[in-house]
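Reading through the structure tokens given below for one structure.
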Amino acid sequence: MDGSNHGDIDFDSYGEGLGHDVHSTSEELFYPDSPSNASWSILKKKNGRYNDVNIPVDSTLMDSMFTSISGLYAMAIVVLGCVIPVSQIFSSEAFNFSFLFDGFYIYIYTVSIIFLIYAYVYLLRNKSLKLRRNLRRNQYSSPSSGSRGNLKRKYSFDDSRTYHTGSFYLRLGAVGFGIGSMIQSGLQFGEVFDTDTDPLTHPCKSIAQGARPIIRLIFTFVQLYFVFLNSKMCVHRYKTIARFGMMHMVATNLCVWTQNIVQETLREIRHLHQPDRGSNESSDKEISLVSSSNITRYRLGCHMNSLMSDVVETSSSYLYPCTIEYSLICAGILYVMWRNIGKRGQVPEEVANEEESKAKSQRMTVDCSRSSRGLFLGIFILVGTVITMITFFVLIRSDSYLSTAVKLEHLSAVVIYVVTSIAVVLAFHRMQMLRVNSDREIDLEESLLLLGLGGLYVYAFLSIISATLKEGPLDYLVVLSSVFRVFQGSLQTVFLLSGMRKSSWRREQERQKPGREYVTFLLVSNIAMWGLNTFEIQRSHANPVQLEFFGPVAWTIFNHLSVPLTIFFRFHSTVCLSNIWKSAWKRRMPAV
């Protein structure tokens, strides 16, 4: 760097910078393992002249520093996201300061949208014209000069297992849950305008409250598009902005997760204590039932009686798990993308192959052989589960048949857990001869699976405690179903963690696919259990034993903390089983 530069301070390194471009070769940009040669260049006046003084700076240290700062920033946002909805509950003046509470969520959504727009404009814009220009220029350069050296790459696509961002099936699940989340946001936006009074003068409404759901809908859509298409992206330039942007989006998803749990817990408490929402009498009753705190006072005072409010009230119990699971998946994927910033991806040998490399990372093939028996047995379980669910909903409407409905729910669950446990044992036996990749570390898929299993444990152990310490006609059945729930979930998790590391090593195994019919059966059966959990156990009044032991407020809180993770465990089990079904019987050469 010469003295002609007019800045006082300049930062020079490979692919590093505080959001601005730097002077470096593309070889250094793409290979972060190259030697660190960063320096601070300061113009120092001496004897009436300015001279360059280069102070060496370890670029690895700068990377580490900004990585830590971005993590601390995300931690602060997440803590605020936990504190704000809880403070909003207990504050008697919450509505007067709703612009602050709603403003926080508008801020995190807006910043995330701005970062995604920045990513598309500066990182993912179409470079075809520049690529063609560089290819023509490089045709006249010798191979020794390094034709890649004249092109600065901003990102690559990494299809390796290191810091893996999840399979196609996981991203496909994110699409489904994202659709449910956007539907929920759209209904909440419609609720603001569906009243007899002016939304701007309504005592329970504000401009910020109306803007929040529509901004969240936009954020959900833009993030879904970004994650689905670019989850394998490794950023090599503008890394500081990328780090803060990725961690801000991780924090945003966790804040959405927390806010939805709090909101739906309050909604369920109101539903339990206020059967007649149009009556002021029921509101007073609700407050007296939870007189130890004003946990529902603010929400009850601002409940709106309208058609859209009834629609939101009815649909929220089915849509809010979609928002929670979508936020969980996106937070996990974005966290891995944050870890991949600056990592070395799989580099195409020629620049012209960049689009082919991206397409390869999104390509998949399907072989359905040796799956028919497991598929049809799984369909039989699925049909039986649907029949049980319909019968359950018919019976639970009547107080006289409530006990029968609960017995039917737990007995059907016990049958499914026993059958699927047997299938897991048989799958273990049939797949024992497959090669195991013992060098593979725990990745995103397995971390999410263990997180969901933790939620299943919480729900099951709370049920066991409540049924053990209380005497009643349903206690033994609740204990039995909960014990089998823990046993089946644990056994299946061990199988999934083992199965995702297995592959064929002989042509005979690739042709016969031993155990694939059991994997297919488990895949369909977990879909059935996912539906069973989604439509039954999330209803607090469907758990009278736990409700009576813990009380309506405590059990509703426990229920809304654990059930979404239990639902996610069943969904993610289908994702892991799909990966095993697709990959375990493909021959792979052992790593040398």
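Using the three backbone atoms N, Cα and C, a Cβ is placed for every residue, glycine included.
Residues annotated as transmembrane segment in TrEMBL: 72-92 (among others).
Annotated transmembrane segment per TrEMBL: 104-123 (among others), in sequence order. For the transmembrane segment (104-123), the list of distant contacts is 77, 80-81, 84, 154-155, 208, 211-212, 215-216, 218-219, 222-223, 226, 230, 233, 235, 237-238, 241-242, 245, 248-249, 251-252, 255, 259: same-chain residues at least six beyond its ends, Cβ to Cβ under 8 Å.
As annotated by TrEMBL, transmembrane segment applies to 168-190 (among others).
Within the chain carrying the transmembrane segment (210-229), a Cβ under 8 angstroms from the stretch's Cβ atoms is held by residues 102, 105-106, 109-110, 112-113, 116-117, 119-120, 171, 174-175, 178, 181-182, 185-186, 188-189, 192-193, 199, 249, 252, 256, 326, 330, 333-334, 362, all 6 or more beyond its ends. According to TrEMBL, the feature transmembrane segment maps to 210-229 (among others).
Residues or ranges marked as transmembrane segment in TrEMBL: 374-396 (among others).
The transmembrane segment annotation in TrEMBL covers 408-428 (among others).
The transmembrane segment annotation in TrEMBL covers 448-470 (among others).
Away from its own ends, the transmembrane segment (476-497) comes close to residues 406-407, 410-411, 413-414, 417-418, 420-421, 424-425, 427-428, 446, 449-450, 453, 456-457, 459-461, 463-464, 466-468, 522, 545-546, 569, 573, 576-577, 580 of its chain (Cβ-Cβ under 8 Å, at least six residues beyond either end). The transmembrane segment annotation in TrEMBL covers 476-497 (among others).
Sequence annotations record features per position, and here TrEMBL assigns transmembrane segment to 518-537 (among others).
Proximity of distant same-chain residues to the transmembrane segment (557-581), defined by a Cβ-Cβ separation under 8 Å and at least 6 residues beyond the stretch ends, is recorded for 167, 169-170, 173, 261, 264-265, 268, 320-321, 324-325, 328, 371, 445-446, 448-449, 451-456, 458-459, 462, 489, 492, 496, 499-500, 502, 516, 519-520, 522-523, 526-527, 529-530, 533-534, 537-538, 540, 543, 546, 550. Feature annotation from TrEMBL assigns transmembrane segment to 557-581 (among others).
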When counting Cβ pairs under 8 Å to the transmembrane segment (518-537), the leader among 168-190, 374-396, 408-428, 448-470: 374-396
Non-local residues, at least 6 beyond the ends, that sit with Cβ under 8 Å of the transmembrane segment (448-470): 170, 328-329, 332, 476, 478-479, 481-483, 485-486, 489-490, 493, 496-497, 537, 543, 545-546, 548-550, 558-559, 561-566, 568-573, 576
